[in-house]
Amino acid sequence: MDEPVLLTGAGGRVGQAVLEGLADEYEWKLLLHSPPDDEPDHEYLIGDVTDEETVAEAMDGVGAVIHLAGDPRPSAPWPSVLTNNIDGTEKMYEAAVDAGVEKFVFASSNHAVGAYETDERTPEMYRSDDDYRLDGTEFPRPGNHYGVSKAAGEVLGRYYHDEHGISVCNVRIGNLTRGHPPIDYERGQAMWLSYPDCARIHRCALEADYEFEIVYGISDNDRKYYSLERAKEALGYDPQDNSAEWDGDDHVADYERGV
Ligand SMILES: NC(=O)C1=CN([C@@H]2O[C@H](COP(=O)(O)OP(=O)(O)OC[C@H]3O[C@@H](n4cnc5c(N)ncnc54)[C@H](O)[C@@H]3O)[C@@H](O)[C@H]2O)C=CC1
Ligand SMILES: O=C1O[C@H](COP(=O)(O)O)[C@@H](O)[C@H](O)[C@H]1O
């Protein structure tokens with residue numbers, strides 16, 4: 001990627017994971033929602049993804065976009081996801097095709113398919129000896145308004161790809177936590193995405209050639225109910241972490257003591 005990459009939501013958790021891993025590999029243009037405490041190491045602008053002028057300025061001259069900005073709360077109320085997630089994503093796509101951007105990577109979510117986790121399937125599906133898998137070809141099945149907004153973002157990508165030819169990669173991100181997987185949370189361990197693997201999958205999404213993709217963004221956990229096959233095949237994703245390596249309190253305690 002020779003041209004700059006626009007990163008929205010750059011001040012958030014996923015944005016930090018991406019920048020920690022890939023800061024030196026690309027020329028970045030960051031979109032921040034509010035002024036940063038410390039001066040960023042990269043070009044940046046401040047604004048809202050629902051503001052057309054901001055978004056047009058942000059898109060100018062970039063080759064690819066990683067669109068993370070939005071309300072990430074599974075409990076987010078409809079007015080917030082309608083504005084920040086759905087309208088914001090539509091504005092981003094519109095500006096991207098206007099500016100001739102080639103590639104759009106969208107932060108979708110496990111919550112776009114959360115309702116597959118039925119009472120009959122859980123908690124067994126969170127365990128390593130269970131072979132139930134979602135692979136990205138299934139119909140979205142959200143369990144909350146936030147998940148609806150992420151499914152809508154994926155469908156917006158389908159439309160902008162089909163009508164305007166922009167390459168689209170929807171990454172259904174699992175549960176990103178720094179350092180170690182969530183503790184005492186089987187579901188979170190099954191969909192853990194480590195910070196380094198988060199950077200890896202976004203690097204792959206920037207580098208690979210594709211038309212329209214839906215992939216799962218998790219580490220290579222022994223426990224899993226999301227298939228990694230499509231991310232490996234279409235993007236060349238090669239995750240290096242596994243929540244099973246953290247089984248047992250000792251590892252987590254060691255990590256937290258800095259051992
Ligand atoms: N952290 C996780 O485990 C997961 C995150 N995601 C998605 O990844 C993306 C990033 O999530 P996180 O980094 O965890 O959230 P975060 O809350 O840490 O970061 C989101 C950033 O977007 C900015 N933002 C929100 N609304 C905006 C708007 N209207 N205009 C401009 N900026 C806006 C916020 O100020 C914040 O800096 C979100 O779209 C979220 O839905 C998806 C699945 C899992
Ligand atoms: O999409 C998201 O998913 C993760 C994991 O979901 P959770 O229901 O297990 O918390 C969540 O932590 C994150 O905030 C959200 O954006």
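Just so it is clear, glycine is given a Cβ too, placed from its N, Cα and C backbone atoms.
Values in this document were obtained by computation on a predicted structure and should not be read as measured data.
TrEMBL lists 5-176 with the feature domain 'NAD-dependent epimerase/dehydratase'. TrEMBL lists ASN84, SER109, TYR146, LYS150 with the feature NAD(+) binding site. Summarising the annotation, TrEMBL assigns active site, proton acceptor to TYR146. Residues or ranges marked as region 'Disordered' by TrEMBL: 238-259. The compositional bias 'Basic and acidic residues' annotation in TrEMBL covers 249-259.
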- Message: Filtering ASN84, TYR146, LYS150 (binding-site residues) by proximity to ligand 2: which pass a Cβ cutoff of under 6 Å to any of its atoms?
- Response: none
- Query: For SER109 (NAD(+) binding site), what is the tally of other C-beta atoms lying within 10 angstroms of its C-beta?
  - Reply: 27
- Neighbourhood of the NAD(+) site (ASN84, SER109, TYR146, LYS150): other residues with Cβ within 8 Å of the Cβ centroid, in order? GLY70, ASP71, PRO72, ALA76, VAL81, ASN85, SER108, HIS111, ALA112, GLY147, SER149, GLY153
- Task: Would you count the other CB atoms within 10 A of the CB of ASN84 (NAD(+) binding site), including those on all shown protein chains?
- Result: 21
- Can you see whether DSSP assigns TYR146 (NAD(+) binding site) to helix, strand or coil? helix
- Cβ packing number for TYR146 (NAD(+) binding site), 10 Å threshold: 25
- Query: According to DSSP, which kind of secondary structure is ASN84 (NAD(+) binding site) found in, if we only use helix, strand and coil?
  - Reply: helix
- Averaged pLDDT score, the domain 'NAD-dependent epimerase/dehydratase' (5-176): 98
- Item | Maximum Cα-Cα separation (Å), residues ASN84, SER109, TYR146, LYS150 listed as binding NAD(+) | 15
- Query: Does DSSP give SER109 (NAD(+) binding site) helix, strand or coil?
  - Reply: strand
